[in-house]
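Copied over from TrEMBL:
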type: TRANSMEM; residues: 6-32; note: transmembrane segment
type: TRANSMEM; residues: 44-65; note: transmembrane segment
type: TRANSMEM; residues: 91-111; note: transmembrane segment
type: TRANSMEM; residues: 120-138; note: transmembrane segment
type: TRANSMEM; residues: 158-179; note: transmembrane segment
type: DOMAIN; residues: 191-305; note: domain 'Copper resistance protein D'
type: TRANSMEM; residues: 199-218; note: transmembrane segment
type: TRANSMEM; residues: 230-250; note: transmembrane segment
type: TRANSMEM; residues: 288-309; note: transmembrane segment
Amino acid sequence: MPSHLPYIAISAFDIMALAAVIGALATGLWIIPEGARESFHRRLWRLTGLSLVALTVSSVVLLVGRTLEMSRQSLRHVGHWLPLVVRETSFGHIWMVRPVMLIVAWAAWFIGRRPARHRAAYGLLLAAAVIAFTRSATGHPADQGQWTAPEWVDFVHLMAASVWAGGLFAMTVAIFPLLPKAQLSTPVRLALVERLSSVAAIALAAILVTGVLSAYHYLGGLGPLFHSAYGHTLLVKLALVAIAIALGAANRFVFVPRIRAATPAPHNLSAPAHEADERAFSHLARSVAIETGFLGAALVAAAVLLHGMPPSEMAHTIGGTMARASQPAGRLEFTRFEDSRDAPVAPAISTIRYGVLRRSASQLSDRDAHWPRVDQRSL
Ligand code: HEM
């Protein structure tokens, strides 16, 4: 387990960067009401840019991390292995989509610096969504092949989690601190928190449905939830999510109604916020900041899950079965490359999580003899 820590940290960093990009965009597009967009655009766009820097860095770090994880070599040898990973493995092929999407995202970011360019924000969101899909296509969901139901379920889960966790993060660092100075009328402020609450509720519904589907798929029943390391990590994640849900419910059913009650009557709509309103807002802002912290911890727990062995897949590896490429693609979890000299690899085998050499034995050159042999993750 300790040797997996750097890779877990890399996954967590990548997930958080992605969530920050998607959350900042979702905040600008769906949470900030029309009358407040001008006031927050610059700050939100700057946050989107910083998150995009993090996502660009995490994309490179992810490739290096996966290369080290697969080759079991030190950083000194990464120059040798990295081109091979990009050229020869399914992970590398899918990863190559990232630089393209990052270029699209950066172009959209530069175009969208002015508030009127709404389409740029949607373009950037689309690029981020494709990057999200590359995560699903190279994680556990891809173990049964590409474009399968588990991949789409995971993709929706990741997008909705990013909207919720990333959206609250954007509210905490970019919107709430600016609110007192923003000179918004109280109804616009009310609309802001009502929209925040609704977007969070829709995202949560999607997260729960897809989370339960994925959990059932990977656990294979209720028992392993309590009797496997994977299940225990999931329980920790569920506890964190439960706390975040409780805080979200308090926001929706306590703080937002308080703000609504403090909103002036319709004949006095342009009245500035009064003291009760300010207090309710600062309570809400604090609660949202704490909720963001718990969701951040849930994202880390998700990264731990990604590096664990799902019990339903473990079933395929016990009973002395050795992981070999001749097995149905994606059934087993590999931490190293398959040496396809032993078992001729069908070119179609490309879906195994960590990557498999895509050439048959006859196509192998002497250089390929250096590939480490396949190795099962310890159960
Ligand atoms: C009912 C609640 C939830 C359940 C049952 C659940 C379950 C799962 C499962 C089983 C996975 C798959 C892990 C794997 O590939 O081995 C997963 C992934 C993930 N979950 Fe959740 N989850 C829930 C809520 C959340 C929440 C609230 C968040 C956001 C903070 C979240 C964020 C993620 C992320 C980021 C991934 C990784 C997706 C990827 O990179 O492909 N989940 N979740």
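Each Cβ is built from the backbone N, Cα and C atoms, and glycine gets one as well.
TrEMBL: automatically predicted annotations, no manual curation.
Among the recorded stretches 6-32, 44-65, 91-111, 120-138, 199-218, the one sharing the largest number of Cβ pairs closer than 8 Å with the transmembrane segment (288-309) is 6-32. Highest Cβ contact count with the transmembrane segment (158-179) among the listed stretches 6-32, 44-65, 91-111, 120-138, 230-250 falls to 6-32 (criterion: pairs under 8 Å). The list of residues near the transmembrane segment (120-138) in space but at least 6 beyond its ends in sequence, with Cβ under 8 angstroms from a Cβ of it, reads 14-15, 18, 21-22, 25-26, 28-29, 48, 55, 59, 90-91, 94-95, 97-98, 101-102, 104-105, 108-109, 111-112, 146, 151-152, 154-155, 158-159, 162, 353. Simply put, out of 6-32, 44-65, 91-111, 6-32 has the most Cβ pairs sitting under 8 Å from the transmembrane segment (199-218). Within the same chain, residues 21, 45, 48-49, 52, 55-56, 59, 62-63, 66, 70, 84-85, 117, 120-121, 123-124, 126-128, 130-131, 134, 137-138, 350, 353-355 sit at least 6 positions outside the transmembrane segment (91-111) and bring their C-beta atoms closer than 8 Å to a C-beta of that stretch.
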